[in-house]
Structure formats: structure tokens, C-alpha cells
Amino acid sequence: MAHPITPLSPPLKDELDIVIPTIRNLDFLEMWRPFLQPYHLIIVQDGDPTKVIKVPDGFDYELYNRNDVNRVLGPKASCISFKDSACRCFGFLVSKKKYIFTIDDDCFVAKDPSGKEINALAQHIQNLLTPSTPLFFNTLYDPYRDGADFVRGYPFSLREGVSTAISHGLWLNIPDYDAPTQLVKPRERNTRYVDAVMTIPKGTLFPMCGMNLAFDRELIGPAMYFGLMGDGQPIGRYDDMWAGWCAKVICDHLNLGVKTGLPYIWHSKASNPFVNLKKEYKGIYWQEEIIPFFQSIILSKECTTVQQCYVELSKNVKEKLGSVDPYFQKLGDAMVTWIEAWEELNPPKEASAAAEPKSVKKEEASPNSK
């Protein structure tokens with residue numbers, strides 16, 4: 001008697017949350033339905049909390065607005081940005097899953113050169129579940145992909161690689177440019193599909209874009225703080241950059257890997273370069289001092305957890321960048337508040353098994369579940 005074929009469960013279905021920051025109805029999810037519907041969504045609504053956000057039928061989701069952020073975090077809610085996509089990191093905070101995929105609501109399904117729709121989430125999962133090689137560059141890029149391997153001369157002692165903490169995807173159509181570049185190249189579109197994934201070498205920083213990004217929350221989650229940006233702050237549009245610089249320095253210290261390249265998404269609309277310039281202009285000046293700061297930072301050997309690394313980093317931010325602008329004193333304090341909030345909502349497993357944690361229970365934190 002033939003046995004019925006059991007359909008394969010989507011990879012990491014019960015171990016991955018999808019985090020989406022938004023100010024509008026999420027019609028874009030219809031296009032993603034074949035790939036994302038099996039997964040749990042955490043939607044972080046920015047702006048006016050009284051506005052009703054519509055989510056297409058059939059998706060399993062929690063929706064948080066600013067009132068929920070204030071209720072869940074209390075005084076610590078001050079570390080979550082307002083009117084900036086940095087609000088997404090609240091979703092990272094309340095998730096209880098091992099992996100996170102975060103995507104912007106203007107990102108559509110891209111097609112590869114053969115015309116096939118790209119399952120971005122599946123590629124991110126592949127990146128995260130295979131090792132990275134930050135200690136020695138492989139000229140065939142990711143040696144763990146089908147059809148690739150380590151090249152001649154690659155030390156055998158390093159072929160095991162290290163755990164991958166971050167998978168950074170790219171975009172077709174609208175490139176992720178800053179305002180000055182947008183202004184001088186208003187019609188430029190990215191049509192280059194490069195079929196490659198590579199590990200960013202140890203000691204090398206990179207500009208991390210948050211619109212198509214996945215990470216191992218257990219390995220690097222506490223470092224994925226998108227800073228104090230947007231409303232009431234002197235800077236915007238550097239939220240993902242800040243998280244990327246901090247996370248990369250900590251990954252290098254803890255011997256973790258960051259991959260970039262595939263998967264591509266289709267970035268559908270360009271934001272206004274004049275509005276962007278207002279948000280970015282201080283960051284464009286400041287980054288010339290911020291980058292050397294991160295390039296020269298050496299975390300102490302005593303820092304063995306992401307939280308310890310991040311708190312030490314926050315002290316350095318206040319000491320060494322505080323002279324650039326008082327904003328960095330405030331940012332350093334917010335980094336510590338973020339870690340306090342993380343530890344409150346994510347107590348160590350042993351502690352939570354031994355006693356009921358004081359942190360907000362999941363069901364209390366998510367009134368708008370579907």
C-alpha cells in the first residue's frame with residue numbers, strides 16, 4: 001500500500017519571525033504569500049497609533065503600535081525610535097524565535113535572470129545555516145554553496161569556518177544610495193544580478209541595509225539595535241548603519257560571520273532625496289569620524305557575550321564620540337537602556353526555567369495578535 005506523500009514543512013517554520021516596520025496597509029504581502037505565509041509576522045506600526053493597519057487575510061501576525069511599545073517597555077521605551085524604520089528593533093526585542101528576517105514594505109519579490117521568482121527567505125536561511133569564512137578569503141566566494149568549494153591554498157585548519165550571525169541581502173531596481181548620490185543619479189537603477197554570496201572579512205566594516213536582512217537572534221540579537229533616530233533626533237537613515245557597525249565589531253570579537261550578496265529583492269520606490277538629505281546630512285559629516293572609531297575599537301577579553309560587548313561599546317561611544325556631538329552621549333545611554341530591555345524581555349533560559357521572570361509575558365505584550 002502506497003503511503004501518502006507528506007508535504008515538507010517550510011524551513012525553520014517554528015524558529016523564525018519576520019519583522020516588518022510600517023506606516024501603511026501591508027498589501028505588498030500578497031506578492032510574498034507563497035514564501036512568507038507559513039511564518040509568524042511581527043509588525044511594528046510607526047507613526048499615529050490610532051491609524052488602523054490592514055494585513056491581508058491568512059497571515060499569522062502580531063501588530064504593535066507606539067502605545068504597545070510604551071506599555072511593554074515603560075520608561076525604557078525611550079530607546080525605541082519614532083518616525084523612523086529603526087522602530088523595527090522593537091520586533092527583535094519581543095520575538096522569542098532563534099532567527100529574524102526583516103523586510104521593508106516597499107520591497108517586492110525579485111526575479112533572477114532566468115525569470116524565476118526569488119524566494120529571498122529561503123536564501124537567507126541557507127546563508128545562516130552554513131558557516132562563514134571571515135578569517136581567510138575564498139576566491140570562489142561562499143565555499144558551502146552547491147558547485148563551490150575551498151580553492152587550492154586555503155588552509156585546511158580554517159575550512160570548518162565560523163557560525164554565521166548575519167545574512168545581508170541586496171536589491172534590484174532602486175539602489176540603496178544616500179541623498180547626494182540620489183540627487184546626481186536620479187534615474188540610476190540596479191540591474192546587475194550577481195550570483196554570489198561572500199563572507200565579509202574580519203576587520204572590515206560594511207554599510208548594512210535593513211530592508212532585506214536576516215540574522216541569528218541568539219548569536220547577535222542584542223547588538224541589532226537600530227539606534228536613536230528619526231523624530232526628536234538630529235539624524236535619521238543611519239539606523240541600520242549603526243546596527244551594522246556595532247554588530248560587525250562584535251562579530252569580529254566573538255568570532256562570528258557576516259555574509260552579503262544573495263538574496264535579491266525588488267526595491268520598488270525611491271524615497272525623496274531632499275527629505276533624505278535633511279535626515280542624513282549630519283550623518284554624512286559624522287560618519288567620517290564614526291568609521292575610524294569603529295575601525296580602531298578593541299573590545300576587552302573579558303567581554304564574552306554580546307551584551308557585555310555592547311555595554312563596553314556604549315562606554316566607548318560616550319567617551320570617544322561624545323566630543324563630536326552631545327547626541328552620542330544620549331545614544332550611548334540609549335544603547336545601555338536597550339540592553340536592559342533585552343535582558344528583561346529575554347532572561348537567560350536557566351533563570352526563566354527556575355522562576356517566573358518579571359518580564360512581560362508574551363501574551364501581555366501582544367494584544368493585536370491574529
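Cβ atoms here come from the backbone N, Cα and C positions, even for glycine.
Note that the structure is a prediction, hence the values are computed from the model and not measured.
Features of the protein shown, as given by TrEMBL:
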- R152: site 'Required for activity' (SITE)
- R152: N-linked glycosylation site (CARBOHYD)
- R159: site 'Required for activity' (SITE)
- 349-370: region 'Disordered' (REGION)
- 358-370: compositional bias 'Basic and acidic residues' (COMPBIAS)
Of all the recorded sites given, R152, R159, which has the fewest Cβ neighbours within 10 Å once its own Cβ is left out? R152
Distance, R159 (site 'Required for activity') to R152 (site 'Required for activity') (CA atoms, angstrom): 12
